[in-house]
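Peer 1: Provided herewith is a single structure, encoded as structure tokens, for subsequent inquiry.
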């Protein structure tokens with residue numbers, strides 16, 4: 001399917017050192033270098049003349065997949081994985097395109113982590129650059145190609161290369177240019193300089209890496225400028241892992257008074273931020289620039305030159321490097337967003353209140369049928385502003401968060417619940433307090449909310465000066481006061497949403513989009529159902545989901561079932577590994593006739609299932625957290641089984657399922673406040 005003529009362009013892209021590639025790399029010249037096709041799927045075909053492997057519709061059907069698995073790898077230092085690939089399709093834009101996915105498979109996890117995905121077809125080879133954080137764990141790289149619609153659909157891999165270092169680093173000595181791309185402009189563009197290149201009207205320098213004519217660098221020349229402020233941009237690969245430290249590079253400017261050389265960051269939402277700019281006229285020597293660079297979420301680095309006219313000379317760039325420590329002229333420690341987050345299980349963390357009065361109290365409610373527990377586990381602590389017992393109207397309770405550095409994008413998330421107020425408007429509000437200007441800006445407030453349901457709020461903000469987040473509870477009238485609850489406050493760097501954000505790991509399911517990879521043997525009125533909001537029957541079931549309060553969960557509708565009837569929700573197939581697994585999920589068992597909720601382990605090849613965890617009877621009006629620790633070294637599945645109780649008030653719900661490697665950090669207390677029998681098998685080995 002891939003045209004032979006494309007190979008001419010391919011060979012121009014051939015990476016240096018192909019005959020001596022590092023571990024985890026392959027140029028597919030004569031073999032697949034320890035990367036093997038997984039037998040259960042389509043094979044990847046090595047092209048007869050070498051250079052690439054491929055899968056296409058000449059021997060496979062739409063929807064079929066080919067899986068390539070590496071040998072065991074280690075990355076004790078930060079590494080960059082580069083993939084040269086091509087996805088082709090028939091003319092037109094098919095509704096079901098081919099898909100290329102790259103996963104990381106850690107030795108102690110029963111699922112694979114999606115690191116990168118692509119589906120855009122191209123008539124040329126493309127480069128993906130993926131950061132791999134340093135880890136002591138052994139892992140494998142898994143590459144999955146899924147064929148899409150069309151008679152000529154194909155997916156090809158030209159090269160895989162794993163090297164020590166960061167993907168934003170580059171000395172421009174290799175033909176792939178480390179995945180850096182030029183944003184094309186009809187008049188001015190970044191070009192490769194050095195070596196045998198002599199196509200510029202300007203007298204260009206020797207490169208910085210080798211300090212000779214053999215080396216290469218990037219440059220942009222003003223000779224073709226035709227308009228005022230013509231701009232050339234050189235764009236780095238998008239970061240794929242959080243990093244913070246010192247970005248360094250070497251540059252030269254000729255006639256710097258007629259050009260502007262700047263460095264920007266750009267996130268997945270397209271927001272630019274200038275982080276460096278030349279401050280003096282340039283000279284014809286290599287100058288070192290160092291700038292603090294923080295990428296807590298996916299970001300590109302953009303080297304931009306703006307010319308005022310055709311006599312702006314040239315700008316050259318070489319040897320971009322990154323170090324995970326602050327630059328030499330910086331002494332401040334990097335900010336950790338965790339310092340501004342709190343679930344209130346131990347104390348108030350770094351939050352504090354006004355000195356005038358208690359305002360917010362840290363409370364705990366045991367599981368019961370009348371009062372909702374905390375959001376974290378259903379049995380822990382949260383903050384409560386009780387305005388019922390205030391002696392005056394206009395009561396205000398303020399909760400201050402720690403100081404946040406300025407000029408950073410933040411996402412604030414928290415959960416709140418309202419009780420007792422007749423009018424909810426402004427009963428809880430969030431302000432951003434700018435410390436230097438003593439200014440408070442209201443950024444969010446309650447309008448309407450279901451009473452007694454934990455609701456998630458999400459607030460993005462960015463201020464130039466240091467700020468604090470302030471939560472304010474308010475009772476406007478003596479005759480209309482109530483309770484305001486607050487829990488699980490988190491502050492993250494970056495936007496609250498990002499088009500670059502990958503799907504949640506396969507080990508997690510919130511049921512917000514679908515049922516994930518869970519299946520049911522049969523689907524009818526007595527099956528598990530995906531729902532949002534309250535269940536139809538009164539005095540049973542949740543009022544909202546656990547994830548956001550307005551999202552989706554899975555439940556059984558008891559009014560459609562008979563006593564003793566069961567429904568099973570079966571997980572995808574999980575890989576067996578040595579060591580312990582931790583399964584966490586939230587369950588809701590409220591109703592006088594509530595039946596039985598069980599979790600089973602089904603190992604591949606076994607006819608029966610093994611009980612891991614069970615609850616019987618009414619447990620609480622709250623969502624409660626379950627932690628189930630188990631071991632299994634064979635392929636297996638987890639089954640959630642709900643059995644209808646003695647009456648229609650027997651709805652059972654589950655939400656926010658998560659599989660993790662290793663033992664559970666904290667095991668659930670086996671003592672359950674329940675009106676019925678409770679059985680707990682927290683740790684079972686098979």
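Positions of Cβ are set from backbone N, Cα and C atoms, glycine also.
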Peer 1: For which of the residue intervals 503-522, 523-542, 543-562, 563-582 does TrEMBL record region 'Disordered'?
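Peer 2: That would be 523-542, the stretch labelled region 'Disordered' in TrEMBL.
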Peer 1: Pull the DSSP breakdown for the region 'Disordered' (523-542) and write it out as helix, strand, coil residue counts.
Peer 2: 0 helix, 4 strand, 16 coil
Peer 1: Mean pLDDT across the domain 'MAM' (168-329), rounded to an integer, is what?
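Peer 2: Mean per-residue confidence for the domain 'MAM' (168-329): 84 out of 100.
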Peer 1: What are the helix, strand and coil residue counts for the domain 'MAM' (24-169) according to DSSP?
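Peer 2: In the domain 'MAM' (24-169), the DSSP-based counts are 0 helix, 72 strand, 74 coil.
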